[in-house]
Amino acid sequence: VNRRLKYLSLAVLVVQNASLILSIRYARTLPGDRFFSTTAVVMAEVLKGITCLILMLAQKRGNVKELVVYLYDAIIIQYMDTLKLAVPSLIYTLQNNLQYVAISNLPAATFQVTYQLKILTTALFSVLLLRKSLSRLQWGSLVILFAGVAIVQSEQSGGKETISVTGQNYVVGLIAVAVSCLSSGFAGVYFERILKGSSASVWLRNIQLGIFGTALGLLAMWQQNGAAIAERGFFFGYTPLVWCVIFNQAFGGLLVAVVVKYADNILKGFATSLSIVVSTAASVHLFGFSIDLPFAVGAGLVIGAVYLYSLPRTPDPASSSVNQTSSHKEAFLPKSVLTK
């Protein structure tokens, strides 16, 4: 049974990782009216919050009164604790909007490879803020990761698509993905620190994040597309594909949060590597993506680095095996995986 669950977990992780990026890219390259990405970010936050509320209600065995009392105490009475989530929520909202900008301006495969820099930023912030230690293999894999991404970007092309996209700007996409990686690393480590410092459930933390995320998302939406949305409507340009993107973004992270229970770090690393291969292969067929030598070499280095980074640490006599396992599991993927 465990073996089947592991393979199922692998499939879910690969599909979720690859499908979100590919579906956003596809939705942004289709001719016709473009939806406002800021509204999609808001809708994803709302759906995620509703899902967490339903899950918490199930934990309370359908007792609505008990849930309301619990949420009032956790969110309103302990408002200082809730306010701690404002910082990561602001960063996640920025990150979600930047992902749309990046994917709209970069080929899906190039984005997928470059976005793995979030592993590097997460590792660095973990060392700086959480005082975590990395093995020599992990440090080496981070160097390989950076080299791989640098090679992919060496020609300022990272492979090209035959399908032209109006208004696409490679430099804008590159800046967006770079800032997104930086924000992902910091927010993930910050959120992990908050989770470690309290006994609150992950679902409650996601609701608290969602409150700020929805408010900040609406603010960003009003500032960036306020006039256009007032004229054309909130759901302008929405198609079944756009709804699929929103549902994937809202439920994808929550689904992964459940799935990783059955997946070890090697499996997660393998899933990330495999999703790059899937995204690249799909991009060739969907977008006419051409794989040049720099992209192939760079992507290969990134895939190898991600896998090496996820390998177990060698036994350290100075620390207990329990601490090693815990430390390593937290090092590979930040708790931000639960919020996306």
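Just so you know, the numbers here start at 1 and follow the chain as drawn.
Note that Cβ sites are derived from N, Cα and C of the backbone, with glycine treated the same way.
TrEMBL does not curate its annotations; it predicts them automatically.
Note that the structure is predicted; figures quoted are calculated from it, not measured.
Feature list (source: TrEMBL):
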type: TRANSMEM; residues: 7-27; note: transmembrane segment
type: TRANSMEM; residues: 39-58; note: transmembrane segment
type: TRANSMEM; residues: 70-93; note: transmembrane segment
type: TRANSMEM; residues: 113-130; note: transmembrane segment
type: TRANSMEM; residues: 137-154; note: transmembrane segment
type: TRANSMEM; residues: 170-191; note: transmembrane segment
type: TRANSMEM; residues: 203-222; note: transmembrane segment
type: TRANSMEM; residues: 234-260; note: transmembrane segment
type: TRANSMEM; residues: 267-287; note: transmembrane segment
type: TRANSMEM; residues: 293-311; note: transmembrane segment
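Same-chain neighbours of the transmembrane segment (113-130): 102, 106, 138, 142, 145-146, 148-149, 152-153, 158, 174, 177-178, 180-182, 184-186, 188-190, 192-193, 272, 276, 295, 298-299, 302, 305-306, 309, 330-334, counting only residues six or more beyond its ends whose CB sits under 8 Å from a CB of the stretch. Below 8 A, the CB atoms of the transmembrane segment (39-58) and the transmembrane segment (293-311) form no more than two pairs separated by six or more positions in the chain, fewer than 3 in all.
Long-range contacts of the transmembrane segment (293-311) within its own chain (CB-CB distance under 8 A, at least 6 residues past either end) are made by residues 109-110, 113, 116, 119, 123, 137-138, 140-142, 144-145, 147-155, 158-159, 265-266, 268-270, 272-273, 276-277, 280, 332.
Listed as Cβ neighbours of the transmembrane segment (170-191) (distance under 8 Å, sequence separation of 6 or more from its ends, same chain) are residues 87-88, 91-92, 94-95, 98-99, 101-106, 111, 114-115, 117-118, 120-126, 129-130, 153, 156-157, 205, 209, 334-337, 339.
For the transmembrane segment (267-287), the neighbouring stretch richest in Cβ pairs under 8 Å, chosen from 7-27, 70-93, 203-222, is 7-27.
Panel annotation: around the transmembrane segment (70-93), residues 41, 45, 56, 60, 183, 186-187, 190-191, 194, 198, 200, 204-205, 207-213, 216-217, 220, 336, 339-340 of the same chain, lying at least six beyond its termini, place a Cβ under 8 Å from a Cβ of the stretch.
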